[in-house]
Amino acid sequence: MTTMPYVELRRKKRKEGCIFNVRHRFAGTIGWAAAVVAALGSTFISGTASAHAGSTGYSEIVVEDRGLAYGLFVSEQDLAETLPDLDLDRDERISPEELRTGIDAIEAFVNDGIAVTGDGELGTGEVEGAAFDEKAKSPMVRIDIRYGYEAPVSRFMIQYGLLFDTHPDYRNFASIRIGEHTVDQVLNASNTILQIAGANGAAAEGARGADVSWTSTLGTFVWMGMEHIWGGLDHMLFVLALLLNVRGWKSLAATITAFTLGHSATLALSALELASLSPLVVEPVIALSILYVAAENVLRREEADRSRLQVTALFGLVHGFGFAEILHGTLSGNVALPLFSFNLGVEIGQLVVVAAALPLLWSVRRYAGRIPWARYASGAVGAFGLYWFCERVLENMK
């Protein structure tokens, strides 16, 4: 048995120690830099985390024999930004009296952005009134519009163009009622046309004249769920914080399942209005969930155990209320398919995030060895959670 010369052995140990120290110092530098960047970056992107749905409006359309009754819901902020002259006293608020005196401006705004034709004849929308109302548990301005025709109409076409120029992510959730038949559609920058059968018809049609089938509804709400995940940085960072503490496929499956069961339950209950939790509570607790999981990653070395899974499921319940916020007021017809489709979209969006992040995280873990890189990363994620929690609590206190 040969032994390594003493000088060579010391040289090898010195080299190994040097490599580890360099890695450790490098990881430490990166960790502190990541935390600083997270703290500063949260200042600039805090709006992205809370404004998942972007700007949102609603349309309640009732088909009549000789026209349409159109109830348009617009947020006060969107209306004030588009029609600043409505605010006569310049107090940065629109009063009920200012709505009444600004009917002509509102009517011009409506007819400039919504074109309705009945059997090819362009109609003019007559605004019958505008008042503050509530829709999807949010304060809105309701604008009542009537499109009338002299003869019965067999087919209507609505071209919707309001607010897309200033809000590219704007969505309008349209509910079209023909007798006892109701169809739900989502209007956005890429889907702006509704074709609707007259009062004696049986169906409404979506963009490009395609029949509104179950596949159309499925695709619309699946994509909406995926966008909701990808547009909500707080949801994605919570998932990332969970991934930082898993070390195998079994742990990964258990963690994702716990979160999915939690948010799926409250998503369904909230969307069906069987349970509710105020956004004043939901949004700060979502931020707190990020901070809690990140702090647990820093303070505990063991991977997820039963108590961690219980915490994940519990926070999943809260995230479900956040997911459901965009669905409030949008499910007026057959709710089962849109609800299932939206939840499916949320799951697909979540799995895409996991599939993108996991290979990178596991590669870094294999390279880093004994370097506590996951703690540094968790510290950076926790900085976002702390900032958002403080921001949302202070915002609620105003």
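Glycine residues also receive a Cβ, built from the backbone N, Cα and C atoms like all the rest.
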(Q) Please identify the range among 262-286, 337-361 that TrEMBL labels transmembrane segment. (A) 337-361
Q: Name the residue range among 17-37, 227-247, 311-331 that TrEMBL annotates as transmembrane segment.
A: 311-331
Q.
If you average per-residue pLDDT over the domain 'EF-hand' (74-109), what number do you get?
A. 91
(Q) Same chain only, please: residues at least 6 beyond the ends of the transmembrane segment (311-331) with a C-beta under 8 Å from a C-beta of the stretch. Say none if there are none. (A) 52-53, 56, 58, 135-138, 173, 175, 184, 186, 224-225, 228, 232, 235, 238, 242, 255, 258-267, 269-273, 276-277, 279, 282-283, 285-286, 289, 292-293, 296, 304, 338-339, 342-343, 346
